[in-house]
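Q: Let me give you the structure first, and then I'll get to my questions.
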């Protein structure tokens, strides 16, 4: 069974709960009216939706010439940025020189506004959501340096793997004429430096109108080259953010093959799921993208929990994802996930003993033991 076909069953939980502390049911965001001045940045004029009230508190919709941002006064970062990249804009952007004019955003009230001092001596880069390299004139480029468009980003990630993803994203826009891009942080644990909430992962979702397909990169906010490609339905369940609510049901399910990142210091793309030699993790398979989807699903299941109201097939799929985690991902994520792994194992066995036959229960228990 394709794990992603069952995403609704396996990931009916609040992806932001451990960072923000609030988790509730499906509640689409109500920020649409705040983006009336910049609907051209969104596919079909519809801004991304956030389905968790904990993420929707103290937010500020911001329109700029070349992109839009939903800023959070809780994380003191952007929650997402959105842009419409065209081949003409990319050609003009190639002639622009980077200005490096980082600045706080005067559109945000003082109590919620991130400042330059928030990033000083933290060990993190001020990482762009919408990159300056996408912008085609001096105003639009300068606007990308607002701190509302920043997240605390690992320096190695920002300057290598993430730069490679930004580069191939621009190339895709140039090749296909236009694309829509939504970028944002993923918070799976409460890691803070001062007032800033530090994301554990970062996503970049892309919709290509010429192909009527979409997909997203998800990368670890750490050193090395850990990344994967996921379909949009999975991204929605994992992050509680729908980057393209204007897509039809058929389009949102059609997965766009994304190009491999090409960091500036490498001559070829990096296969998804790989790590650098000094990363300390376990390399993923260099085979089909499906195996990397399984890795990322395992992370989501084990780190963030699962619904209490799933059928037997859903429980088996859930446990399969946990086994996949043990088999495929590196030591860093294992340490983070181990307590949830043990909890889910107990829940799974308890479920079987209450609902399944003794024969099935014994067989599953043997499988668990053989994988530990």
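Note that the numbers count up from 1, one per residue, in the order the chain is shown.
In case you wondered, yes, glycine gets a Cβ from its N, Cα and C as well.
Unlike curated entries, TrEMBL annotations are predicted automatically.
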Q: With TrEMBL as the source, identify the stretch among 195-254, 255-314 annotated region 'Disordered'.
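A: Of 195-254, 255-314, TrEMBL gives region 'Disordered' for 255-314.
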Q: Are there any residues in the same chain, six or more apart in sequence, whose C-beta is under 8 angstroms from the C-beta of residue 158 (Mg(2+) binding site), and if so which?
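A: Within the chain, residue 158 (Mg(2+) binding site) has Cβ neighbours under 8 Å at 125, 127.
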Q: Hey, what's the Cβ neighbour count for residue 128 (active site, proton acceptor) at 10 Å?
A: 24
